[in-house]
């Protein structure tokens, strides 16, 4: 029993770090956070963007050629939206550390995404959305989900 407790305590911090969501699980979480029809974008748009940006992985990171990094389930960029402490000239318009975007709790990612989508370019700010989701049947991404 004691060794089981030690094992659980060792892995507990890992559970808080990040998560790979299921499609419907993410759709439900995004809906709870108010993304369904936010700025006119249906929930399917957001789920599609997350699929092609991060494969539903909150811990996804990708380094860009300009030295910035994209973080989290929606691949939010450190040049403009968050501070990672290593991107020169970071604007940090969401006023958050980039590490907050890697959590299994998607609140910081959703709140920042709401600022991004309100910034004038809408979801065109996400290259993967523009290339893989825009103009497609994005409702397919939430079809069969109990929302």
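Note: Cβ is positioned from N, Cα and C throughout, glycine not excepted.
Pulled from Swiss-Prot:
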{"type": "ACT_SITE", "residues": "53", "note": "active site"}
{"type": "ACT_SITE", "residues": "70", "note": "active site"}
{"type": "BINDING", "residues": "119", "note": "substrate binding site"}
{"type": "DISULFID", "residues": "24-145", "note": "disulfide bond"}
{"type": "DISULFID", "residues": "48-133", "note": "disulfide bond"}
{"type": "DISULFID", "residues": "82-98", "note": "disulfide bond"}
{"type": "DISULFID", "residues": "94-112", "note": "disulfide bond"}
{"type": "DOMAIN", "residues": "19-147", "note": "domain 'C-type lysozyme'"}
{"type": "SIGNAL", "residues": "1-18", "note": "signal peptide"}
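When Cα-Cα distances from residue 112 (disulfide bond) are compared across the recorded positions 70, 82, 119, 133, 145, the shortest belongs to 82. Looking only at Cα atoms, residue 24 (disulfide bond) sits nearest to 133 among the recorded positions 70, 94, 98, 119, 133. Using a 10 Å Cβ-Cβ cutoff, residue 24 (disulfide bond) registers 16 neighbours. There are 23 other Cβ atoms within 10 Å of the Cβ belonging to residue 112 (disulfide bond). Annotation for the disulfide-bonded residues 82, 94, 98, 145: lowest Cβ count within 10 Å of the residue's own Cβ, 145. When the Cα of residue 70 (active site) is compared against those of the recorded positions 94, 98, 119, 133, 145, the shortest separation belongs to 98. The Cβ of residue 48 (disulfide bond) has 129, 132, 133, 136, 138, 141 as same-chain neighbours under 8 Å, each 6 or more residues away in sequence. When Cα-Cα distances from residue 119 (substrate binding site) are compared across the recorded positions 53, 94, 145, the shortest belongs to 94. There are 24 other CB atoms within 10 A of the CB of residue 70 (active site), with all protein chains counted. Sequence-distant neighbours of residue 53 (active site) (same chain, 6+ residues apart, CB-CB distance under 8 A): 60, 70, 73, 74, 75, 126, 128, 129. Confidence over the domain 'C-type lysozyme' (19-147), given as mean pLDDT on the 0 to 100 scale, stands at 98. There are 24 other CB atoms within 10 A of the CB of residue 133 (disulfide bond), with all protein chains counted.
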